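Structure record follows, encoded as structure tokens.
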Amino acid sequence: MLHPRARTMLLLSLPAVAIGIASSLILIVVMKIASALQNLLWQRLPGTLGIAQDSPLWIIGVLTLTGIAVGLVIRFSQGHAGPDPACEPLIGAPVPPSALPGLIVALILGLAGGVSLGPEHPIMTVNIALAVAIGARLLPRVNRMEWTILASAGTIGALFGTPVAAALIFSQTLNGSSEVPLWDRLFAPLMAAAAGALTTGLFFHPHFSLPIAHYGQMEMTDILSGAIVAAIAIAAGMVAVWCLPRLHSMMHQMKNPVLVLGIGGFILGILGVIGGPVSLFKGLDEMQQMVANQAFSTSDYFLLAVIKLAALVVAAASGFRGGRIFPAVFVGVALGLMLHEHVPAVPAAITVSCAILGIVLVVTRDGWLSLFMAAVVVPNTTLLPLLCIVMLPAWLLLAGKPMMMVNRPKQQPPHDNV
């Protein structure tokens, strides 16, 4: 017979698996539709019209129209496409289900149109809202927080293709009764994360790792080099942290989301022309292209890092629906490659992984997630001790510093003013 503790853990196992599978399927459907629309906008349509897909006019035109389209969705859809991600953490309170259709449409348009944001925040919002709404109806005795945790874990597993990230994140957030062991509290979320990861793996495999030269034995000087790289990435990220609320406030003085997002899309188009097609979109496929291109110089990597960081700030400040983690990883990779080109004596594995650690730490203020992203992009077990050590001064630098979020004015409603 099972112990009562085991029976308690099993109570939510079936809902956890169902939520994990559903979270992954929602992500897959959204990404497939966005990919098809992206192919239409950036491959088939310019080819039919006889226009180069990297033409400045095409880049500016598509991104401007994308901004206008997203603005129209936010202006006229019920619920105004959910909350502004610039004002929200990755895992937030559930939104009304009526806001989800507009949010999904706004996300798909942004992903396909080349906006420098990832899918993580809107997908998380959608999955949490659905899990809470459906779960509360089917199992009303289970509180909303449990459904929120399960949906968050399933989404994280689906996004990253592994339950490891969910285990790391929730190990520091599930601060329940001290009488309940941590792994008892992690059981159902890990079931959801595993189900989400396995379901995603049936359709596609998230490809984060880069072909970076293998790092051998750790030296004491490598720790110092890694700490300096992380500090440089943090400094760059804190510039973005300073700019985001100020630009957000300035742009939203116009009140009309169609105008705000149209201008934001136009600015993103100009940045895209300067940075080229590799600086567009969420950044995961593009960072693979960046590493594969042997023609890039130190100045090219620097330009890409600056353009992508600026595009991230503009997209978030304008109110596009998307997450900041994936483009931040691109910025970290560009910074790391730039520093390696500038100082070849420091291995690229160190510069890239420590730059990712620093910039993701600024964006998420989550040590485990930052370590995870650095470790999966540069998969090398020799780096793990170094990354853990480098995390310490990086965390000290950011202690008490502002988050990469906008404080919502008290008079503003839960969703964008329109």
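Just so it is clear, glycine is given a Cβ too, placed from its N, Cα and C backbone atoms.
Here's what Swiss-Prot has on this protein:
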TRANSMEM  10-30  transmembrane segment
TRANSMEM  54-74  transmembrane segment
TRANSMEM  99-119  transmembrane segment
TRANSMEM  120-140  transmembrane segment
TRANSMEM  149-169  transmembrane segment
TRANSMEM  186-206  transmembrane segment
TRANSMEM  223-243  transmembrane segment
TRANSMEM  258-278  transmembrane segment
TRANSMEM  300-320  transmembrane segment
TRANSMEM  322-342  transmembrane segment
TRANSMEM  343-363  transmembrane segment
TRANSMEM  371-391  transmembrane segment
Q: Sort out the residues at least 6 away from either end of the transmembrane segment (371-391), same chain, that have Cβ-Cβ distances under 8 Å to it, and list them.
A: 160, 162, 164-165, 168, 208-210, 212, 214-218, 222-223, 226-227, 230, 325, 329, 332-333, 349-350, 352-354, 356-357, 360-361
(Q) Between the transmembrane segment (120-140) and the transmembrane segment (10-30), are there three or more CB pairs that fall under 8 A, provided the residues in each pair are separated by 6 or more in sequence? (A) yes
Q. Does the transmembrane segment (322-342) reach the transmembrane segment (120-140) with at least 3 CB pairs under 8 A, where each pair is 6 or more residues apart?
A. yes
Q) Given pairs 6 or more apart, does the transmembrane segment (258-278) have at least three Cβ pairs under 8 Å with the transmembrane segment (149-169)? A) no
Q | Stretch contact, the transmembrane segment (99-119) with the transmembrane segment (300-320), Cβ-Cβ under 8 Å, 3+ pairs | A | yes
Q. Hey, which bits of the same chain come close to the transmembrane segment (54-74), Cβ under 8 Å, at least six residues off its ends?
A. 41-42, 46, 80-81, 102, 105-106, 109-110, 112-115, 256-266, 268-270, 272-273, 276-277, 280, 318-321, 416, 418
Q | Selection from 149-169, 300-320, 343-363, the stretch that has most Cβ pairs under 8 A to the transmembrane segment (120-140) | A | 149-169
